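Enquirer: Taken from Swiss-Prot, the feature topological domain 'Extracellular' covers 1-25, 76-99, 161-197, 259-271. Residues or ranges marked as N-linked glycosylation site in Swiss-Prot (evidence: sequence analysis): Asn5. The transmembrane segment annotation in Swiss-Prot covers 26-46, 55-75, 100-120, 140-160, 198-217, 238-258, 272-292, and the record cites sequence analysis as its basis. If you look up Swiss-Prot, you'll see 47-54, 121-139, 218-237, 293-316 marked as topological domain 'Cytoplasmic'.
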Amino acid sequence: MICENHTRVTEFILLGFTNNPEMQVSLFIFFLAIYTVTLLGNFLIVTVTSVDLALQTPMYFFLQNLSLLEVCFTLVMVPKMLVDLVSPRKIISFVGCGTQMYFFFFFGSSECFLLSMMAYDRFVAICNPLHYSVIMNRSLCLWMAIGSWMSGVPVSMLQTAWMMALPFCGPNAVDHFFCDGPPVLKLVTVDTTMYEMQALASTLLFIMFPFCLILVSYTRIIITILRMSSATGRQKAFSTCSSHLIVVSLFYGTASLTYLRPKSNQSPESKKLVSLSYTVITPMLNPIIYGLRNNEVKGAVKRTITQKVLQKLDVF
């Protein structure tokens, strides 16, 4: 499409959170601290699930992939957001905006499917424990992880290619802290009904379909747990699933508020706050949730840290 009598937009201005310099400095320090905790926590999970022999199971293999996804997911937005908070020119090029949007959709969709794979793993462990090691073999787990990562390719390519092909001929100020679909779409100078219908269909397929798989898995899990005669067994089963349920609730709860709410109910400020929840806060909380609620992870962290300290002291 061609912009008649107008120059096509070549860069966007990310308005971010505020124009107050003092507030920007405070936000920079706050988000830098969160990002540091996010990286340390998720890399710690990746490390202990890689080196600790007690964590060489399908559940921790998927947790390792989730932590890697969280690192990649935050890497797409947070560094640029931090730079913008201390920079007078909050500019992102047209290509840079498309690239950021592509990887945001890619890692977001991949996480949706990975969470559903983790739910299936818990379903097999609780509902079919005698055949768990046979069903959840190394080959299947590897393909499930690869499939989860690659599931983000179709939606990210489709959404980004279609969005970037639309004409941007007028204003270029994006009222957000990164190039998310809805705020960028507001700058398009033609009717976007077809794109919005396609975006909704993609959302239902790549977000709600994995969520439905999670619901089915946990429905079967809950039924199985309630049929257990042992109170200890029920408590252990619920404890095994609780961390994953909290993560799913945080991720899907906040993401659905952004992409499934009617436009008329969304102010730019509320959208930014909700977006912060699943792009910045949730990735920080995931390793904390899995670490604090899981004795095996806490034990592995202690063993790993102790071993590293002893190696530094030349004990080994």
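Easy rule for this one: first residue shown is 1, then count along the chain.
The backbone N, Cα and C atoms fix where each Cβ goes, glycine too.
Worth saying up front: this structure is predicted, and the values here are computed from it rather than measured.
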Enquirer: State the residues, same chain only, that lie 6 or more residues beyond the ends of the transmembrane segment (198-217) and have a CB under 8 A from a CB inside it; answer 'none' if no residue qualifies.
Expert: 109, 112-113, 115-116, 119-120, 122-123, 151-152, 154-155, 158-159, 162, 181, 248, 252, 255-256, 259-260
Enquirer: May I ask you to check whether the transmembrane segment (238-258) and the transmembrane segment (100-120) make contact, with contact taken as at least three Cβ pairs under 8 Å and only pairs 6 or more apart in sequence counted?
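Expert: The transmembrane segment (100-120) and the transmembrane segment (238-258): touching, yes.
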Enquirer: Using Cβ atoms and a strict cutoff of less than 8 Å, what residues sit near the topological domain 'Cytoplasmic' (218-237) while being 6 or more residues removed from its termini?
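Expert: Beyond its ends, the topological domain 'Cytoplasmic' (218-237) has Cβ neighbours at 119, 122-123, 126-127, 245.
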Enquirer: Based on DSSP, tally up the residues of the topological domain 'Extracellular' (161-197) by helix, strand and coil.
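Expert: Final tally across the stretch: 15 helix, 2 strand, 20 coil.
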Enquirer: Can you break down the topological domain 'Extracellular' (76-99) into helix, strand and coil residue counts using DSSP?
Expert: 16 helix, 3 strand, 5 coil
Enquirer: Taking a Cβ cut-off under 8 Å, which residues six or more beyond the ends of the topological domain 'Cytoplasmic' (47-54) line up next to it in the same chain?
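Expert: Distant contacts of the topological domain 'Cytoplasmic' (47-54): 60-61, 63-64, 67, 296-297, 299-301, 303-304.
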